[in-house]
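Visitor: Per TrEMBL, the feature domain 'G-protein coupled receptors family 1 profile' maps to 39-287. Look at TrEMBL and you will find 23-46, 58-76, 96-118, 130-156, 196-222, 234-257, 269-289 tagged as transmembrane segment.
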Amino acid sequence: MTNQSSMKEFILMGFSDDPDLQMLHSVMFLIVYITALTGNFLIIIVVAADHHLYTPMYFFLVNLSLLDICSISTTVPKSIAVSLTNNKGISFTGCVTQVFLMVTFVGGELALLTIMAYDRYVAICRSLHYGLIMNWNACIQMVAISFICNLIHAVLETSVTFKLNFCGSNVIVQYFCDIPQLQKISCTDTKVSKMVILVGFFLDSFIFAFIFASYIHIFSAVMKMPTVQSRHKVFSTCTPHLTVFSLFIITAVFSYMRPKSFSTPSVDLLSAVLYTALPPVLNPIIYSFRNKDLQKALMKILEK
């Protein structure tokens, strides 16, 4: 296998070659996957079943659940299959598809978290104009535009990555096709590919700044409220989003921006799990833990 055109498949190193550990990994990942699917599908069903939840905030939450389902379904089932069958190969086309989908869904989640931050800002800081600004047409357009932009970004980043030549080893030290790991086994200059990623991080930094600025305005407005009760009520609507956003940032930074001295195969695998599998599991729990509206709607469904 001397170049890109002759590369028919990659080998996903995964977590272990020990059969017992492979079985343990497959069972744990199956539990994680079922938990993520159950939690996110529950949110979608609960919101769809209760017309009182037909609001922008829950519309965005449903879209976030859909993205979580799609993102975890892109990597975890394949990893489970690898552990159960010990067939670690993934075709070149399969690897391209996995990279494209992961970039699309992860980018989509960041875009959606930004829209949700804007929604909370308008609801709290410009409450009198909330219905006018966050109307259904505006909500649908924001989600659609973010999806189209992420598709374009995914096409660009995937095409640049797979224009690289892959010589010698085709072993990816990861449980899915991850761009940094693909760059490591490339035998050509990866400056262009790394530049695209750097530009992406640069643009993401503006998004982070926008979200932080939104919450500065939100906290400022909340602190001006006359009663503790009203402050607590507003904070309860913001805390889940802020927690989910913080989880996204912490896992992303740990995965892609830690020093090279901390980069070992085991740490890379752990960070990938934190970044790709943990958020889809925790997001539904975080959003429903103290959300009385979701809990009431769920109880109505269970009582039928």
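Glycine is no exception: its Cβ is also placed from the backbone N, Cα and C atoms.
TrEMBL labels come from automatic prediction, so no person has curated them.
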Visitor: Between the transmembrane segment (96-118) and the transmembrane segment (234-257), are there at least three Cβ pairs closer than 8 Å, leaving out pairs fewer than 6 positions apart?
Guide: yes
Visitor: To what whole number does the mean pLDDT across the domain 'G-protein coupled receptors family 1 profile' (39-287) round?
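Guide: When the pLDDT values over the domain 'G-protein coupled receptors family 1 profile' (39-287) are averaged, the result is 87.
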